């Protein structure tokens, strides 16, 4: 039971139930739209046969809209109510077309639709001409698809190297007609069921789990990383919260940032220093990280509708502004709260010369920060002073420089407690000078943080050298301090240069975060993606700007047809007559030669089932670094187009053939029932 509140005096109890899809709510209401029993029995086959989340949502949504359109609750639909219903489901039609549709369904000529007439109306409304055409092309056995016909479709059209046994399992799983199932046929209803399920999604289901080698050195992976993770909003007055860390972790983040300052009562706090952002206790953040970093709960999986293998290491990037006394408190909280999950010694009994892999570091926390001595001290019992000074030439120093220009280098020093220093194992922060200096003077575990402008300059002018630097060491990139609105930079050029820890403001929904979520969509959403071989091989001379012949050059021609869309959401829900005029834009992000964008024409007044049948062709030179982004917008000639939905994924994770593309909101939530229907063919270019 929930309380609906309209004012201080108006409060009513409403009963809600969470539906089986764990995404949508059902509300008990006195209005019940009468449905034809034969029609309902037919549709119940779907429910009893297989999991039909998307189709069941469609039916529920349409009937919900029908109930709303039935103004007088007489379980009948007049022509006026029909028009109101069409507007609710995002279709604007002329009066003459609405009248024609109404008369076609009003077989009793009673002036209203009821019972079987509503079934006819539903069938006309949900008819998919494009699916009928595909089915007819391959259904060569008495008008139906035999196992052999379906095998032909999968092998030729979908380019899937499957067996007859696999096809028969599909029929068993998705066919809704028992007679067809016994004859090993797939009916049109079963075929539509298959097209709407995971096997026919644009995202390759083989990439949904962990499929990459997770025993390579840590620096051989792109690592999903967050900047100023504690913030829920902007950098000046936004709230700091443990919830922000939990949200980032559930979005596959494996490197979080903690800006640590002296707090009251001897307890360190985390906030954006010298601003009006709120503060959160350091120990509370560590407790939240301990609880959620490696925990996949039913709530996360079902409520947020994500899958994820949150088992690989989490890096805690410390920006340390604390006094020595409170640094010791930080070290105490880290060791006492994280316990054995905190890595406090290099793996093995000898000084390593390279990183361990994510598999070896499973379930462990790594501290990134300053260290008083070399890592060798962990093996030879070298002693250091309990307190010493270290350089502060990193992001913390940049913040300080913005406040006041230091007159001498001594003001760039901070005191560092040995207890905290000793917790830094594989991620020791050092100052970057040049690639040559790093190669000659820094060990593999010594890493630099680059501000956005410096990193972009290196990626633009010294990409090959940057790539080779990242073959040996980790690099962290962070947004410019001027991004007080928590906006983000484009991460793609940094990934092209092999940078692993490309930190973004996770709290800000934007194109850059879409690209980040797409980069880490495959491989179980575990937050680690193995870099291409040409970014790991010391002999490689890969340059993203100058694509000479090499293993990176796997040129593809992408033939893409935007066929149709289904059940696009209304943008202006407050205005009943508002109908979207959708267009679709396809964008490619990767090396400079691959960046491209093309879009369809817009379709007037139809968000329910618009059809484009628009063909695009793209040339992709380095598919292993390319991302493909689908954007659906509501066209507006007078102002900015509004976002309807989007979806982004790696080029190498796309499936060929006829595929459905799910659509997400700008914050990454799935839009139930909405999607694109496309045809994809990625072929080797001549």
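Placement of Cβ uses the backbone N, Cα and C atoms for every residue, glycine included.
Feature annotations, reproduced from TrEMBL:
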ACT_SITE  227  active site
ACT_SITE  272  active site
BINDING   368, 370, 449, 476  substrate binding site
COMPBIAS  385-396  compositional bias 'Acidic residues'
DOMAIN    57-92  domain 'EF-hand'
DOMAIN    420-536  domain 'PI-PLC Y-box'
REGION    384-412  region 'Disordered'
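Cβ neighbour count for residue 272 (active site) (all protein chains, 10 Å cutoff from its Cβ): 23.
On the 0 to 100 pLDDT scale, the model's mean across the domain 'EF-hand' (57-92) is 72. When the binding-site residues 368, 370, 476 are scored by other C-beta atoms within 10 Å, 476 scores highest. Distance from the CA of residue 272 (active site) to the CA of residue 476 (substrate binding site) is 19 Å. Residues in the domain 'PI-PLC Y-box' (420-536) partition by DSSP class (helix H, G, I; strand E, B; coil) as 49 helix, 23 strand, 45 coil.
A distance of 13 Å separates the Cα atom of residue 368 (substrate binding site) from that of residue 227 (active site). Other Cβ atoms within 10 Å of the Cβ of residue 227 (active site) number 27 in total over all chains.
Rounded to the nearest whole angstrom, the C-alpha distance between residue 449 (substrate binding site) and residue 272 (active site) is 18. The two recorded residues, residue 370 (substrate binding site) and residue 227 (active site), have Cα atoms 18 Å apart.
Geometry remark: residue 272 (active site) versus residue 227 (active site), CA distance 11 Å. Every protein chain shown contributes to the tally, and the Cβ of residue 449 (substrate binding site) ends up with 26 other Cβ atoms within 10 Å. Across the residues annotated as binding substrate (368, 370, 449, 476), the two Cα atoms farthest apart lie 14 Å from each other.
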